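Below: one structure, written as structure tokens.
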Amino acid sequence: MSQQPVAFLTRRETFSACHRLHSPQLSDAENLEVFGKCNNFHGHGHNYTVEITVRGPIDRRTGMVLNITELKEAIETVIMKRLDHKNLDKDVEYFANTPSTTENLAVYIWDNIRLQLKKPELLYEVKIHETPKNIISYRGPYPLNGIYNPINKRIAHDSCTNISSDSD
């Protein structure tokens, strides 16, 4: 029996949003020191490009990892309806007490895209291009005792040992 082929499927979307990099856990002076001009009281905006990638076996019946329509609808719900042309700090509850860094934006998108997918374990990566030079990639929570494998498996640090577990 041959091994089932695995493929990556990526959908790209662009949205615009504004924010102010500011942490309620820091003083105003500390915020200015950490975030510099991005801590401007009036905020600033970005034209973000987001790439959502799923990874999984190619279904023998459909020839697909995931129907691209399902991914498109998840992106529409999570990104376009909730984030596009919004002030992240004021319009998105998640950022009320969480700094709206691109790293945290990637976590927000990851968590919410997973809720939209029939098979959330297929979500492999959220990549956000904040600018042409600043890009954040997020592949989900990192387990402390192993390297993260997005098909709900852990791979031991010892490259000679491969440990799989579906119960994580």
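Every residue gets a Cβ built from N, Cα and C, even glycine.
Record note: Swiss-Prot gives H44, H46 as Zn(2+)-binding, and the candidate from H19, H85 in that site is H19. Residue with Swiss-Prot feature phosphoserine, selected from S16, S137, S159: S159. Looking up T102, T161 in Swiss-Prot for phosphothreonine, the annotated residue turns out to be T161.
Compute the center of the Cβ atoms of H19, H44, H46, which mark the site for Zn(2+); besides them, the chain residues with Cβ within 8 Å of that center are A17, C18, R20, L21, C38, G43, G45, L88, S100. Only C38, from the active-site residues C38, H85, E130, place their Cα within 10 Å of the Cα belonging to H19 (Zn(2+) binding site).
The two recorded residues, H46 (Zn(2+) binding site) and E130 (active site, charge relay system), show a Cα separation of 7 Å. All protein chains shown were included, and the count of other CB atoms within 10 Å of the CB of C38 (active site, proton acceptor) stands at 16. When the C-alpha distances from H85 (active site, charge relay system) to the recorded positions C38, H44, E130 are tabulated, the minimum falls on H44. Between C38 (active site, proton acceptor) and H44 (Zn(2+) binding site), the C-alpha separation comes to 7 Å.
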